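Colleague: If you scroll down you'll find the structure; I have some questions about it.
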Amino acid sequence: METDPSPLQSQTLDSSEEQQKEITSSPSKSSPPIASLSLSLSTNLLLSKPTPPVATAQPFAALSSRLKIPTQIFSLTRLSFSASSVSTPARPSNLSSSTPALLSSPSPFLRRRPADPSGGAAARRCTLLWFRCDLRTHDNEALTAASNESLSILPVYLFDPRDYGKSSSGFDKTGPYRATFLLQSVADLRRSLRARGSDLVVRIGRPESVLVELARSVGADAVYMHREVSHEEARTEERLEKAMESEGVEVKYFWGSTLYHIDDLPFELEQMPSNYGGFREKVQGLNVRKTIEALDQIKGLPSRGDVEPGEIPTLMDLGLNPAPAVTQDGKPAVSASLAGGETEALERLRKFAVECCAQPNKGFRNGAQDSIYGANFSCKISPWLAMGCLSPRFMYEELKKTANRAISSKTQKNVDASGGSGMNWLMFELLWRDFFRFITKKYSTKRKVGAEPVTACTGTLS
């Protein structure tokens, strides 16, 4: 039998249902969520300290000029200069992005010292600078880059024993005349470096051994040097790369032995024409890079290692006997009268330019021995170019400066230079020199199984 609930029971049930709804619809205020509390605390802490503004670096740019070579070898007066702006990257900061307070109020130790290098590679502690066939301070990209990108540099010249003695054909690899000229050039380079606050370390030994030992001694992290063109020199570069790779030392190459830069050629080296006519046609109108001025001051030697400069060897140390000063017929040996070094090279170039201006037609000169024109006309500047005591680009610029006074009226009308000034003839020979060096580089780097390396004569101006 079912009965209806009493009014008192109905009131009690309604009250219970309302309380249940309140409990389920609103959370308890006595236990707030932990996440909400943490977020609130973090917000309050951040707002308590205002963030200072972040300093910004000011970019800067530098201008570089490029020299243009004429399409014809005799049109030196038509040379023009053009400028292009090259942006220099700002010096990278060692501070992380999470330190805005330090950047807004820099301390004195954060300011860059005037002697510190700038640019992308400014962090190098010490760089080994290996001089090869670039025994000069002017227009030397490897020297300039090492001094600008490193805190200290160690210039080195090595007398590799493999460059001396007899070849497989029985001839001297380096004769007494060339060796004497080389020793004089190294001595002159050492004097030039010392005058600029540096020095030249001289050793006898193989580069892959001596340079590794020097790098360990001074803690060097890079080796800077110019590339060369012959097969033997390319093999030496490969051996050095392997030795330095195991030491964690970078090897960085530069190019500076030709009038045209190898990177500016309008063809890949493997596709270079094998004849001079084709080469000259391809390179006509190319830009000649502007020369790099010699530094007044060079970065100092590394303090670590205490490396001794060493003595420049003698001919006897190289296994050679002094060369006779006269030939078999009693005449003075021409090679014996040439003094090696950058200083003598620049003086000889100056004298040649002056005589070209004073007497543009070489046929009118007499046979005096003290004249640069002599009985058998020759500027005799080849040895300095071969040793790198003189830059071909610097030579080009110096001759260009006096071209307006030296070029005859016939030459200005593109008449054959054989009857014109010696300056035009010399410019013609510089192009031949480029051809022989590039063709040697082309074949010395080819890899063929069972094939012997191809060599090319470097001509009068080697």
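Here, residue 1 is simply the first one shown, and the rest follow in order.
A Cβ is built for glycine as well, from the same backbone N, Cα and C atoms used for every other residue.
Found this in TrEMBL, in case it helps:
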type	residues	note
BINDING	Ser378, Cys379, Lys380, Ile381, Ser382, Glu429, Leu430, Leu431, Trp432, Arg433, Asp434, Phe435, Phe436	FAD binding site
COMPBIAS	1-14	compositional bias 'Polar residues'
COMPBIAS	25-35	compositional bias 'Low complexity'
COMPBIAS	92-109	compositional bias 'Low complexity'
DOMAIN	125-259	domain 'Photolyase/cryptochrome alpha/beta'
REGION	1-35	region 'Disordered'
REGION	85-120	region 'Disordered'
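What does the local environment look like for each feature on the list?
Modeller: Reduced to three states, the DSSP call for Leu430 (FAD binding site) is helix.
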Colleague: Ranked by the number of other Cβ atoms within 10 Å of their own Cβ, which of the binding-site residues Trp432, Phe436 ranks first?
Modeller: Phe436
Colleague: I'd like the number of other C-beta atoms within 10 A of the C-beta of Asp434 (FAD binding site), please.
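Modeller: Looking across every protein chain shown, the total is 22.
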Colleague: Could you give me three numbers for the domain 'Photolyase/cryptochrome alpha/beta' (125-259), the DSSP helix, strand and coil residue counts?
Modeller: 61 helix, 33 strand, 41 coil
Colleague: Tell me, how many other CB atoms lie within 10 A of the CB of Ser382 (FAD binding site), whichever protein chain they belong to?
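Modeller: A count of 18.
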Colleague: Quick one: average pLDDT across the domain 'Photolyase/cryptochrome alpha/beta' (125-259), no decimals.
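Modeller: Here the mean pLDDT over the domain 'Photolyase/cryptochrome alpha/beta' (125-259) amounts to 96.
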Colleague: Lys380, Leu430: which of these binding-site residues has the sparsest Cβ neighbourhood within 10 Å?
Modeller: Lys380
